[in-house]
Amino acid sequence: MCGIFAIFSPDGQPIEPQPHLGSKHSLRELAYRQSGKQRHRGPDDTGVAVIDAKGVALVHERLSVIGVETGHQPLYSQDGQVVLIANGEIYNYLELAAEIANQRPNYKPKSDSNVIIELYEQHGVDLLQKITGMFSFVLYDQRKGQVLVARDPFGIIPLYMGQDAKGNIWFASEMKCLVEFCKQLKIFPPGHFAAGSVQELEPRRYFNPNWLLDTPTQPVQFNGLREKLESAVRSHLQCDVPFGALLSGGVDSSLIAAIATRIMRERDPAYKLRTFSVGMHGSPDFKHARMVAQHIGSEHTEVAFAVDDCLDGVRDLIYHLESYDIATVRCSLPMFYLARYVKSTGIKMILSGEGADEIFGGYLYFHNAPNYEEFHREMVTRCEQLHVSDILRANKVTMSKGLELRVPFLDTSLVNYVMNIRPQDKIPGPLNEFEGKRSKRIEKFILRSAFANDYLPDAVLWRQKEQFSDGVGYDLIDALPQFVARHVSDAQITEAAKRFPINPPKTKEAYYYRTIFEEQYPGEAAALTVEKWAPRLDWGCPEDPSGRAQSAHEKNYGKC
Amino acid sequence: MCGIFAIFSADGRPIEPRVHHGSRHSLRELAFRQSGKQRHRGPDSTGVALIADQGVAMVHERLRVVGVEMGDQPFVSTDGNLVLVANGEIYNYLELSAGIAKRRGHYKPKSDCNVIVELYEDFGVELLQHITGMYAFALYDKRTQELLLARDPFGIIPMYVGHDAAGNLWVASEMKCLVECCVSVETFTPGEARFGKVGALRRWRHFEQPWMKQIPSVPCDLSLLRSSLESAVRTHLQCDVHLGALLSGGVDSSLIASIATKIMRERDPAFRLKTFSVGLRNAPDFEAARLVAKYIDSEHKEVVFGIDEALDGIRDIVYHLETYDVTTVRCSLPMLLLARYIKSTGIKMILSGEGADEIFGGYLYFHKAPDAVQFHEELVKRVEQLHLSDCLRCNKVTMAKGLELRVPFLDTAFVNYVMSIRPQDKMAGEQNCLGGVQQHRIEKHILRAAFADGYLPDSVLWRQKEQFSDGVGYDWIDNIRRVATSHVSDEEFAGAAERFPFNTPTTKEAFYYRCIFEEQFPGEPAARTVMRWVPRLDWGCPEDPSGRAQAVHQVNKD
């Protein structure tokens, strides 16, 4: 994965050198410097394209994962007129490259992102209907003076858009590149694109499946589900560098690791996946991860930390996350620690289980859904919010250490398949009506059942969900209030709404995170990019987002 | 290699939380945050030791190279009373560990730096006479509230110290951790040690050698020279992760790569070293490096860069180098690109040839030394200044990307040997008198002659030096000078002496680097840590330090 950065003058005229922190910066110097704030995303290489006459600068920070030797960006069309910077992975690029080669016999696939330029030349904006994967990209067509910007359906890859005082339009993978200059600033929404001249760049939706609006009626088919997930994992394994998988001890990441192992063993029967889990000494997740590692024969590492080690990272973490949401910060602390460790072993890509809870309805509070329609609606909402919660976390935390995280559960065609399954089959608890038989079933029942055939030990396959922040060790969650209390006084909390009128923090913990965020990302526009976890209080969720607090936990949900 | 950081309170009392950038920081938070500015030195893990009741915080940023699983720092002695943060490599640690095990009956070596704690228990500050290597460390004794700071003989590893307004002592591998918080900052000089309580530190030089004061008279023994360098390279190969070597195309780095290959092949005859060179397209260095790579059969990679691409890094390089010296900035930019590339391939440690020019007298201007005495004195001066020029450059540039660079030519025993050779045998040009026969010989003749037997192709072994920044392509210097100059107006430059009364820049290029430095490291104490290259004008050197400008270049080899 990588980082992308762009500046466009509003009228296609040159952007004059400007003073910045005491010295004169040309457009190129400014772009290189600001993009430098996300250089952790691309530790391997920086590429710059400046078209001075048009006031255009594009910068790419690269982590080389596919096409190590040929994937340097920015990428250019054959005639040099189209320039592209892209972040992400196009999982169907080999297929697409074969199609292109059909029409242009001398075409040689260079890297996954390269197909975007070729498809643009043939199909224009419609290229978005062809590519699948996680991506955000900025493409500039010098011939027409036009820009095409797009972001993947679920926002696995981040993208921000801003405008400075002179009207120049800025894009960046992370907000930290923009906040100094752009008074206006917003998240570029997932599943959207913007095309045209610089002044008409308004995000419009291109990803519009039926399940966003309609409640589906298709019953689940285990074979279909299994094949879809297997092919999602297969496409996510394209990688030219050492990789591994996270094992949280829950069913989602464990399944991904198990499937990946089977696929890799097709070619090399002795293959051992490298797996990692993180936790405090004695964390319950270690035990389950160890069972999985043993079951799938992985080369497993347990990364254990002390509470203080994690707390040290709070400030840096908020800087990297660009969020003050409590749940996001909490869950990210152990992962931040883990990502650094994994990277230090030489691994550049890691598989993980994010997304399953959203599309299968795995969160414990889904037990409280009153009916099928509302259950489905809530899943849709969660999918749409992924990019400000789990996916934001997963991407920015790992990329802060130059590690690429891939999430096969969010493969576009898998999500479409799962979100088209009728909610009666998915809903957890007594309302479940799988195969027309109403019975109390565990959350993600259909996922577990589809992989019942020796993929995982039963104790993990049927294990109830722990929120990541709980599974990692209750001591950390318990230590946080004490830690933050040293920083925030009672008087400050009562003034919270005055100091932070947008999303005012209600607890000392929230207040502390917010002050750190404010120090690094001052201004209203930045504060508005953050979505706070809004618990379904009407479904009986507590204010505190930690999973353990919910009543469904520890209740028995048998295999039915 | 790593980064170290420490704060010691002025009076041994707790340090109260303070407001920093608008929010309250406990001592631990302050230390973690400031040390974070050198986290590039230790991308793999951070360790913090806090002794809150004595006002002490010590932080270690780690790049795991030796003792991957056991070497996380700070190290704490068995009884918990000693705490150590150390950066570097102790090359004789296996020997030392064996000695410790013998004295105690039981000791399991953990990592190279761990021996420092153990030796302190046994020998106190005399431990500095036992360890050899490249290092900088801070060790704290809770019982007596005393601390020991020390830095290796030649300053391969950087260290700075400073005091904040409250009189607390700050220590860091890089100055960037200190400038915001300290009112005074200075370079901790190589070969120096300080010991005692914060307010009463005793300072002394732990590295003193006869060659520093006297002109040596021992003639060169080529076979001893060869075996000394071989054993230096051997110790520098201790490494538990992927390693490689730089090939600049000159004789120094080529020799190191060649010797390393021979040593590695003792165990694995099929071993192929990974080697790297950097340059503009068609750089003169590439051709020579390619010859070497072929000769030693290394897995070789040429990293070609564009001029614009290297120029992009000017601001970052001044920040990482913490210098405004023109030569250092110029030759560091290609190396920064190279370091980034090498790191991206998964290599964590790299061997290089720095130091040979200082101890053998390899710079072209040494041809102009008037006599043997002045030749030797100039060598001594260059060795003493290494930590402000080549050592500073090669350490900070590679560590900017979390890559450890090792310099076998600066192995302590090897330097002591070479610097004890009489200058008559080393001198470049007409005055050389090796074996009592006076005749014109190329610079570094004895080094080349010692390895004449199957180490390198002749055309490289006897190739004349190119300054690094020339070897990457002659266009490079012209371009960086042009671009840097273009940032400075005549008017600005006219005010140079007023704006920078200390070390006033004498060219627009120098002025530009100085402005970038000033932005990142404001204040005179920071400016005073930098030494500008001062050419031997009295020996006929030009103001501009680029090697090509010198008349000796391309003169006939002997």
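Placed from the backbone N, Cα and C atoms, the Cβ positions cover glycine too.
Remember, predicted model here, so these are calculated numbers, not experimental data.
According to TrEMBL, A:Leu246, A:Ser352, A:Gly353 bind ATP; the candidate from A:Val278, A:Val380, A:Val388 that the record adds to this site is A:Val278.
The ATP site is defined by A:Leu246, A:Val278, A:Ser352, A:Gly353, and by the 8 Å test on Cβ atoms against their centroid, the other residues of the chain that qualify are A:Ala245, A:Leu247, A:Ser248, A:Ser253, A:Phe276, A:Ser277, A:Met335, A:Leu338, A:Ile350, A:Leu351, A:Glu354. Cα distances from A:Glu354 (site 'Important for beta-aspartyl-AMP intermediate formation') to the recorded positions A:Cys2, A:Asp112, A:Leu246, A:Val278 are smallest for A:Leu246. Residues A:Leu246, A:Val278, A:Ser352, A:Gly353 are the ones the record ties to ATP, and the longest Cα gap between any two of them is 14 Å. For A:Asp112 (L-glutamine binding site), the spatially nearest entry among the recorded positions A:Cys2, A:Val278, A:Ser352 is A:Cys2, judged by CA separation. Looking at the domain 'Glutamine amidotransferase type-2' (A:2-199) alone, the prediction's average pLDDT is 94. Cβ neighbour density within 10 Å is lowest for A:Leu246 among the recorded positions A:Cys2, A:Leu246, A:Val278.
Rounded to a whole number, the distance between the Cα atoms of A:Cys2 (active site, for GATase activity) and A:Gly353 (ATP binding site) is 21 Å.
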